[in-house]
Each structure stands twice: as structure tokens, then as C-alpha cells.
Amino acid sequence: MDEKPSARRGPDVCSLRYGLAVVMHLSNLSMITQRVSLSIAIIAMVNGTQQPAPANASADRPLQDPSGPIGEFHAGSSVYAWSPETQGILFSSISYGILLTLIPSGYLAGIFGAKHMLGAGLLASSLLSLCTPLAADLGVSLVMVIRVAQGMAQGMAWTGQFTIWAKWAPPLERSKLTSIAGSGAALGSSLILCVGGLISQALGWPFIFYIFGGLGCVCCLLWFTVIYDDPMGHPCISLREQEHIVSSLAQQPTSPRRSVPLKAMARCLPLWAIFSGFFSHFWLCTVIVTYLPFVAASTCTVLGGQLADFLLSRDLLGLLTVRKLFSALGLLLPSLCAVALPFVASSYMTTVVLLILIPGTSNLCDSGFIINTLDIAPRYASFLMGISRGFGLLAGIISSTATGFLISQDSASGWRHVFFLAAAVNLFGLVFYLTFGRAELQDWAKERTLTRL
């Protein structure tokens, strides 16, 4: 059934719910900058122009060479003898931490509320970022521990956001609100890639962690001030906006749930369609890592959300049609660009344009299957988002491994095979979602009413 939500409207951009979206946008921006900080700072932390470490030097201890380039900019910054293998472990350790808390935090946020759990995750991640330079001086093992703990904190903060939107986002505004909030991650990636090197050069690499860790602490103050789990409990919300949100979600079950219908979820094809979409989406996104695409991704995320809700509010398309349309655009268009890349390698400008379009068009999925759990199971949205992101991280791991294998076989044709494989995975996810995707509330997600005799 292709449902069309009620077109009743409330206060728009100046409303409190849009303030929540902006705060989440800033929070997501700060978290992604903290996640990427080490990737930028590592260039100065293990500066290759430094003199080689003595044979008996410990990899945990810093090397000081004030006469080197880093010393010219910031004499107090340490340089470490970390091997490439050690650096790889440091980069991946935060992902392992995220995996540990994705699903549990989504479940707990649905029971106990997301405000305090997400706020605690953001605060912990920010404080750990501030402590990273000191930890590097104390030893690489401590840096690994901090990165894992930071990943666990960020896993808490990522998944529970849908618990808030299940109670704050009217059906006709879900795409807009979630896209504004989610675009902070893409914008944050672009921001730190643009300014991280400048900060390291001008102030020293520790200030990358200090600045973005401090930004996260500021976002925590906004979070605990502005964010509330339920519009009914917010002290600053207007009566008109409160009535608009509550009335638009009147038919949606939102009471806390203690048990999760795992068997019913495992048999639910519309849910597996969402998982397949996440897997396909993250597979290709893992391959594209330059900073210009993140600007395009952030822009397309917001514009896609605006267009999706415009189509719904004007009754031009039904909810299921909108979800499948934006999923198709977000999976098909980047696949076509990826397939075209090997054939335009001789044209620098065309290659750059395609590399920008791939993640840009890919983020149109944010108005498709990525928020589909809010349609089919709002009571379990954060729990299901944790599982969905788990599929995404799994795709990233497999994609990275497959990419390395294909390129090692033949560097000339390896990248062509990489893009062809990514396009094939995207097309599989698209066909599966178009076939089994749904937008109506599932039976297992409905609230059960008990009648006492």
C-alpha cells in the first residue's frame, strides 16, 4: 500500500524541531572530525623527514628533532616511530569500538531515552579526543585503547538519534529533518580534510585534537540544553508546534519497549531490503575518500531531503514511491558514474566530476531506505539503525579487502574491476530493495494492547 501522510503543516524553519536538527548536525560534524583527526595528524606525528629511530628505540616513545620541519612550526610537538602496521591498527581501532556498541546502544536508547545516552557518548568522545596527544606521549598502546573507547562512545551517539526522530519528526518532515542532521557527518569530513593540515602546520598537530575535541564539548552544552526525548516534556516548545507533532504521530506507537521481536524481524523481507541497501551504499562509499565528494554529499543530502518531503507534502507521490525513488537515484546514479570512470581516465576534469558525483548522488539514499525504519518500525528505529550500520561497516571491511586484492593482482585493470564490482553490488541492493521494500507499519512493530477481564 502506497500511503500518503496527512498534509497538515505546523511552524517550519524557525521551529524547535529544526533547532534539534541543527544541534544534531553540529554534533555529527564534531564526532566525524574527532574520528578523522588521527588520519590528518598522523602525517606530522610520524613525519618521514625525521631522522630514523635508533635500533633500540621504543615505538612508544616520541622522537624529538627541533631542527626538522615540525620543529620549525611547533617545537613542542612530538614525533613517533610508529610502523605502518601500527598506524593501520590505530586507524581501524575506532571502527571496532563502534561495532561493539552499535546494536546495544540502539536497544538501550529505545528503552531509557536517547538524550542522556547520546549526550554521554558525544561528551566521552570529545574528552577522549582532548586526551589523545597526552596518550601518544605515554605509549601507542594507550592510544589504541583511547581509539577503541572513542569508537564505543561514538557508536552510542550515532544509532540512538532515530529514537529522537521517532517522537519529534512528523511524517512529512522526516526526510528534511534527518537529512539536515545527517549532513553534518559529510560536512565535518570535508572541514577537517580542508583545515586539519593548516592547523597542524600553524599550531602543531596536538591542536587538531584540542580544537575538535573542544568543539565537541561545546556541542554537548547545546545538546543537553536543546535536546529532549519527547516534545511533550520540552519546556520551550510552543503549544502550536507541540500539537502539530503529537497529532501527526497520533497513529504511531512510541511507548518504550522491553522486548524485541527478533524472530519476526529476521523473517521480515522489507527489513532485509533496508539492510541490503545499507550494505550496497557503504560498499561504494568506502572506495571514495577525497574531500570534494564530501561537500557534494552534504549538499545532496540536504537538497534530497527537501525534495522528498516536498513531493510528499504536495501529494505528488506516495511514501513508498518516494522511498524507492530516492533509493534508486542514490544507488543507480553512482553506479553509472563508477562504471564510466575507467573509460574517461584520460580526461582529468571528467574524472574529477565523476568522483564528486559518486558520493554526492549516493547520499540521495538518505531520503530513501536509510530512514525507512522510521516508517516501518518507529518503536525499534534506533535498534534497527544499529543493525543497519553494522551491515554498512561490514560492507566497508569487505570492500576494502576486495579493493586491495584486485589492485594487487593488476594495478592497471585493478581499479576498473573495483568500480565494476561496486556497481554490481549497488545494483543488487537496488533490485532487492525495489522488490521487497515497504513503507507501511509492520505488524510486529505495532503496539499490543492487553484487555483485562
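Here the Cβ of each residue, glycine as well, is placed from N, Cα and C on the backbone.
Quantities reported herein were computed from a predicted structural model and do not represent experimental measurements.
Residues or ranges marked as domain 'Major facilitator superfamily (MFS) profile' by TrEMBL: 14-441.
The transmembrane segment feature in TrEMBL is assigned to 94-114 (among others).
If you look up TrEMBL, you'll see 177-199 (among others) marked as transmembrane segment.
Residues or ranges marked as transmembrane segment in TrEMBL: 205-228 (among others).
Annotation source TrEMBL lists transmembrane segment at 290-313 (among others).
Among the features that TrEMBL reports, transmembrane segment is placed at 325-345 (among others).
What TrEMBL lists as transmembrane segment is 351-371 (among others).
Residues or ranges marked as transmembrane segment by TrEMBL: 383-406 (among others).
Note on the transmembrane segment (418-436): residues 269-270, 272-274, 276-277, 279-281, 283-284, 287, 324, 327-328, 331-332, 334-336, 338-339, 341-342, 368-369, 395, 399, 402-403, 406-407 of its chain, located 6 or more positions outside it, place their CB under 8 angstroms from a CB of the stretch. The feature transmembrane segment is assigned by TrEMBL to 418-436 (among others).
Residues 95, 98-99, 102-107, 110, 155, 158-159, 161-162, 260, 265, 271, 274-276, 278-287, 370, 373, 377, 414-415, 417-418, 421-422, 425 of the same chain lie 6+ residues outside the transmembrane segment (383-406) yet bring a C-beta within less than 8 angstroms of a C-beta in it. When Cβ-Cβ distances below 8 Å are used as the criterion, the transmembrane segment (177-199) is approached by residues 17-18, 20-22, 24-33, 36-37, 40-41, 43, 161-162, 165, 168-169, 207-208, 211-212, 290-292, 294-295, 297-299, 301-302, 304-306, 359, 363, 366-367, 370-371, 374 of the same chain, each at least six residues removed from its ends.
Across all of the domain 'Major facilitator superfamily (MFS) profile' (14-441), the predicted model scores a mean pLDDT of 85.
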